[in-house]
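Annotated active site, for GATase activity per TrEMBL: 2, in sequence order. The annotation L-glutamine binding site is assigned in TrEMBL to 99. Taken from TrEMBL, the feature ATP binding site covers 232, 268, 342, 343. The domain 'Glutamine amidotransferase type-2' annotation in TrEMBL covers 2-186. TrEMBL lists 344 with the feature site 'Important for beta-aspartyl-AMP intermediate formation'.
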């Protein structure tokens, strides 16, 4: 996890401009507190704030080729970097241990047509001083954040977070996931074009061992680290499987030789919350060194403004879930841990949210999963990345591995459908894949535990407390005039209004509010899925408890 800022094509090359770029870059220091670097070539600036997870004694950025004519700043983890290094060992002299240095020989060999050769998550900017061109790219589904803007002088600004460019760019937007920007071509183009992106319904049969193997590979490759790490463990299916696979394969990794085979796990919740109990049970079963962090509703309320500042959103579900994660990340970093694995992405790929029970057919089910995966960069990816990077903690998400996505999204969605008669609950395909009686991964009742949204699982009083608090902060008169005050993405309840007030104070630009998705939702659905059940149209709360199939509804 790092922070990058590139300012390209400035007419101003002065020391004052350099100082301004440095100042903007420092707004990303929370993402990379270990080192900072800045490259300048005439009116082109590439800056980076580094969090050193791989090769902490080398790998400071910017990164260069041998004659320093090609320069890169990157925020990423390239899991196949050793394989690429071997490929170019005879052609390229590597000067650091950084996994991101392989971007340079790939560019020199293939031009701009190499991004699909990277196995990992990333955002980067590359500048070629020989022809004064540049390119930038973002990973397949947007695990790592990136923004794109234009200064008033026509310069291009590219930054890991909005806060680094929002004051200097009259217009800016999200850098689209799975895309690259080329100054030579003059625009964006998609580099990631999987079959599922067109939303055609696949017909590949469910193969449980193929799904299991793809996920285990995704976890193992993410154990590439030169610093202490752990796992986030809520006690739900997804995080528990991440922890179980990590524990099972840790002994085989280079990380085990450096830090031993003990695995640390972390959970956060209100006293007595569902997650605390379930996580403790899983940790005992797996034998992890377990750390349990408690917070109060007031602790969360006190952190909301910081959460909105770091997450750069006013989306209700995201803020609800980000706040306990933000509090937990600070505690984890204080223990000396720099990287954790987490379970984001499974619900979108496999239809794990409870509203998927009501999908009218497999075609609609599959289209909704496609919509959810395409939107991840504005919701769970944004939350997981920014709520933790606020404290210099890196989160890795094996469910969003490119190969695992391909396996999960190429499966005939008939197998993913909820079917009570056949005993298939949400994410049955994943549960079945890891239901191993001889060498069980998890206790059976955990393997088949019902889905809890993170903001619910940390304690039901959390959401109730937020509603009670914001009810006092926003008057009925304010709500009556909400459409006049906020004509774009008008808040529909007092909680949403309260978050919007804070966001507008921090990020008042029109472009800023346009980066946030909006629309009706039930249990994290897209607006399109609201049409599945007539009663859902009357709800204005995205909590999973509002779905009738929830055990505690």
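Keep in mind that glycine also has a Cβ here, set from the backbone N, Cα and C atoms.
All annotation found in TrEMBL is predicted automatically rather than curated by experts.
Shown on the structure are the features that TrEMBL records.
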{"residue": "2", "record": "active site, for GATase activity", "contacts (Cβ under 8 Å, 6+ apart)": "31, 32, 48, 49, 50, 51, 61, 74, 75, 76, 160"}
{"residue": "99", "record": "L-glutamine binding site", "contacts (Cβ under 8 Å, 6+ apart)": "54, 55, 59, 76, 77, 78, 79, 81, 120, 224"}
{"residue": "232", "record": "ATP binding site", "contacts (Cβ under 8 Å, 6+ apart)": "239, 242, 265, 266, 267, 328, 340, 341, 342, 343, 395"}
{"residue": "268", "record": "ATP binding site", "contacts (Cβ under 8 Å, 6+ apart)": "275, 293, 294, 295, 324, 325, 327, 328, 331, 458"}
{"residue": "344", "record": "site 'Important for beta-aspartyl-AMP intermediate formation'", "contacts (Cβ under 8 Å, 6+ apart)": "238, 376, 380, 381, 383, 384, 395, 397, 399, 400"}
Other C-beta atoms that fall within 10 angstroms of the C-beta of residue 342 (ATP binding site): 23
Count of other CB atoms lying within 10 Å of the CB belonging to residue 343 (ATP binding site): 24
Largest separation between Cα atoms (Å) of residues that the record links to ATP, namely 232, 268, 342, 343: 15
